[in-house]
Amino acid sequence: MAIQTTTGLAARLVAKRATFPASRRNFSASRSALKEIQEAYILSGARTPTAKFNGSFVSVSAPELGAVAIKSAVSKSGVPVEKITDVYMGNVLQGAVGQAPARQASMFAGLSPTVESMTVNKVCASGLKAVALAAQNIQLGLAEAQVAGGMENMSRVPYYLPRSTQLPPFGEIKLQDGLIQDGLWDVYNQFHMGICAEKTAKKYEISREEQDQYAIQSYQRAQAAWKENKFAEEIAPVTVKGKKGETVVERDEGYENLRIDKMATLKPAFLRDGTGTVTAGNASTMNDGASALVLGSKAIAREFAQGNRALARIVSTADAAIDPVDFPVAPAKAVPIALERAGITKDQVAVWEFNEAFAAVIKANEKILGLQNARVNPLGGAISLGHALGSSGSRILVTLLHQLQPGEYGVAAICNGGGAATAMVVQKLDRVD
């Protein structure tokens with residue numbers, strides 16, 4: 001048998017390619033193959049109430065919560081379900097959740113089995129990143145309508161036990177807390193995320209008093225917002241089945257847990273050497289909840305979304321990475337990129353929604369970006385409303401959209417463990433021409 005040399009094979013391939021028209025090649029550079037980037041719009045948004053850790057949603061899985069948010073968002077959008085081709089849902093703590101959490105949420109929401117689904121894990125930024133990914137499909141002309149959001153049930157995260165081959169032949173066995181292992185632990189430095197917040201507070205000279213005062217403000221704003229019914233349009237009630245029948249959960253559960261007289265007396269949660277400033281009071285809580293948005297092309301928005309309360313144009317998105325220990329200030333890297341891509345300045349932004357992982361996160365980013373006098377988290381944030389990891393990014397976006405007035409710009413930004421952040425600029429609309 002003759003041996004074919006590489007040179008001979010290459011010569012024949014070149015000759016064959018010469019007879020293959022450029023217009024039929026997969027990677028054609030012809031102008032006819034290029035497509036213009038399209039606009040992506042948000043048609044609706046909804047979120048479940050955010051429940052306390054071991055609270056009302058302890059028996060409801062993350063995908064089931066996600067399904068409630070998806071079903072509500074789709075209903076509000078007016079978009080026929082047959083137009084939706086993809087679902088992107090953030091979910092961080094996937095131990096014992098079951099295969100393909102986003103697929104579960106899509107199916108439980110009643111979407112067609114032909115709808116493709118993808119689960120996104122960018123830690124706290126998962127929900128907002130899911131929206132960015134869905135928007136890209138529309139911008140590239142690959143889809144007409146998408147669903148995106150996030151979901152988490154921190155109450156149901158299991159403890160981990162290594163397989164038998166990794167266990168000692170005798171003696172004690174130690175369980176790992178899945179909540180800490182996969183959600184709250186800095187893998188690179190081997191300490192709690194709260195230590196990162198402590199280092200940020202020290203670096204940017206943010207005192208314990210400043211952090212406590214910000215936390216009190218967050219609770220007071222959330223309480224005022226609920227009193228004034230400002231969350232009514234975004235909430236999707238959750239029906240929870242129990243031994244005594246069904247209970248409908250319609251309100252966030254933690255925002256009333258403020259005792260101003262106790263705030264200053266709380267002990268530091270992470271540094272106990274006398275220098276700690278981060279406490280359970282000025283940090284976000286552990287929670288369960290979900291949020292979802294429906295995105296569409298210009299044609300879809302024009303046909304189905306006129307007058308929708310959450311109608312908005314996605315102007316730009318951005319991600320940025322930083323040293324893992326500095327993750328709290330990663331939004332200060334992502335936001336300028338998003339603003340530059342949007343072609344606007346920070347002074348043109350009407351409302352900012354930053355995730356309140358810790359009070360130190362907000363104070364540091366305000367200081368770096370010069371937002372001390374801006375409208376940042378006017379209705380409270382994760383400290384008072386809760387931080388259900390995979391949902392938080394899309395939750396702040398849903399809340400942002402329901403605050404903006406037509407024509408106004410808003411920015412949602414969220415840091416994530418590992419040293420990164422995602423930011424998004426949106427513009428509120430009342431119609432699409």
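Yeah, the Cβs are placed from backbone N, Cα and C, and that goes for glycine too.
The structure displayed is predicted, hence computed values, not measured ones.
Swiss-Prot annotations:
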ACT_SITE  Cys124  active site, acyl-thioester intermediate
ACT_SITE  His387  active site, proton acceptor
ACT_SITE  Cys415  active site, proton acceptor
BINDING   Tyr219, Ala280  K(+) binding site
BINDING   Asn229, Lys262, Ser284  CoA binding site
BINDING   Asn416  chloride binding site
TRANSIT   1-34  transit peptide
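Distribution of Swiss-Prot features across the structure.
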{"residue": "Cys124", "record": "active site, acyl-thioester intermediate", "DSSP class": "strand"}
{"residue": "Tyr219", "record": "K(+) binding site", "DSSP class": "helix"}
{"residue": "Asn229", "record": "CoA binding site", "DSSP class": "coil"}
{"residue": "Lys262", "record": "CoA binding site", "DSSP class": "helix"}
{"residue": "Ala280", "record": "K(+) binding site", "DSSP class": "coil"}
{"residue": "His387", "record": "active site, proton acceptor", "DSSP class": "strand"}
{"residue": "Cys415", "record": "active site, proton acceptor", "DSSP class": "strand"}
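The Cβ of Cys124 (active site, acyl-thioester intermediate) has 33 neighbouring Cβ atoms from other residues within 10 Å, across all protein chains displayed. Per Cα geometry, Ser284 is the residue among the binding-site residues Tyr219, Lys262, Ser284, Asn416 nearest to His387 (active site, proton acceptor).
Fewest Cβ neighbours within 10 Å among the recorded positions Lys262, His387: this applies to Lys262. For the binding-site residues Asn229, Ala280, Asn416, a Cα-Cα cutoff of 10 angstroms around the residue listed as 'active site, acyl-thioester intermediate' retains Asn416. Note on proximity: of the recorded positions Tyr219, Cys415, Asn416, the one nearest Ser284 (CoA binding site) is Tyr219, by Cα distance. When the Cα atoms are compared, Lys262 (CoA binding site) and Ala280 (K(+) binding site) turn out to be 11 Å apart. Sequence-distant contacts of Asn416 (chloride binding site), defined as residues of its own chain at least six apart whose C-beta falls under 8 angstroms from its C-beta, comprise Lys122, Val123, Cys124, Ala125, Ser126, Phe327, Ala330, Thr422.
Around the Cβ of Cys415 (active site, proton acceptor), the number of neighbouring Cβ atoms within 10 Å comes to 35. In this view, Ser284 (CoA binding site) is surrounded by 26 other Cβ atoms within 10 Å of its Cβ, with every protein chain counted.
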